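Written out below as structure tokens is the structure these notes cover.
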Amino acid sequence: MSDLCVGINGFGRIGRLVLRACLQKGIKVTAINDPFIDLQYMVYMFKYDSTHGRYKGDVHQEDGKLIVDGQAISVFQCMKPAEIPWGDAGALYVVESTGVFLSIDKASSHIQGGAKRVVVSAPSPDAPMFVMGVNEDKYDPSSMTIVSNASCTTNCLAPLAKVIHDNFGIEEALMTTVHAYTATQKTVDGPSAKAWRDGRGAHQNIIPASTGAAKAVGKVIPELNGKLTGMAFRVPVSDVSVVDLTCRLSRPASYANIKEAVKKAAHGPMKGILGYTEDSVVSSDFIGDTHSSIFDAGAGISLNDNFVKLISWYDNEFGYSHRVADLLVYMHSKE
């Protein structure tokens, strides 16, 4: 067990899976805060998961705490981050996974409760953004207290874009993510004031949507700033999404050259982050995959040596949650 002690604010899809990821990696989670979930319900929600299956270890409540595999976790139900007693629980690092407190100003409230650093499990409007395998070396503990782990789609796209840009150069690119539906969507048609299409039934439709994931790559790979944008299609699957990256290369490369470069990175410096497969796979084959991005060598196509379409899969829940855990470990190693 690592001496890294973590608190989780928000026990939704990502919060629960970050806990699973931390347990797998030997990271100690000492506290969870969620004002909308009591302890008994927390036990139930962590034990049973329709997508990732029942938790295989022991989960119960005892003396007002959540017990997972013998590890006692304090449970709080505070509405305001500043009121959560992270310090008393020994949680120096906090995962902010409510989807609400995204800015540096809002996420900094956790520091008042005794936390030392905060990782926001979503894109932030102003916090430094990190994608493991791409730009974590830019993390500066002396000046960065609140950081963002970016989005699941940026975590899929950025490693692939980095490999392609480093080897062949990207002149310009467009991304489409074919994305599983998420909790923000509707099971049947309902109101959605900002984007009307988002209010349509998630199980019944392919829904075009906006995403900042491609533009965010320019924040983690500055050389690609302004060269990349994209959009999303929300589709009727509960988990696993896929990125379609169509790019114009600076230097000519055959599709075989591209496959070799990605395979080399996947087996080398990006091992565990970037995967590579030549199998005839479909989305459900990647449920529970811990990679950020799995390049599908058989699905991509090349129009010519300067214009290619590349395909990469990702478990938008589980792979992303593992990167949150990895970022925590990395930050702790720099203390």
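Glycine residues also receive a Cβ, built from the backbone N, Cα and C atoms like all the rest.
What TrEMBL says about a protein is an automatic prediction, not a curated fact.
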Per TrEMBL, member of Ser109, Ser121, Ser238 binding NAD(+) alongside Arg13, Ile14, Asp34, Asn316: Ser121
Ser151, Cys152, Thr153, Thr182, Thr211, Gly212 bind D-glyceraldehyde 3-phosphate per TrEMBL; candidate in Arg117, Arg234, Arg248 listed for that same site: Arg234
In three-state DSSP terms, the structure that Thr153 (D-glyceraldehyde 3-phosphate binding site) belongs to: helix
Ser151 (D-glyceraldehyde 3-phosphate binding site): tally of other CB atoms within 10 A of its CB: 22
Top Cα neighbour of Cys152 (D-glyceraldehyde 3-phosphate binding site) in the set of binding-site residues Arg13, Ile14, Asn316: Asn316
Across the domain 'Glyceraldehyde 3-phosphate dehydrogenase NAD(P) binding' (4-152), average pLDDT on the 0 to 100 scale: 97
Cβ neighbour count (within 10 Å, all chains shown) around Arg234 (D-glyceraldehyde 3-phosphate binding site): 24
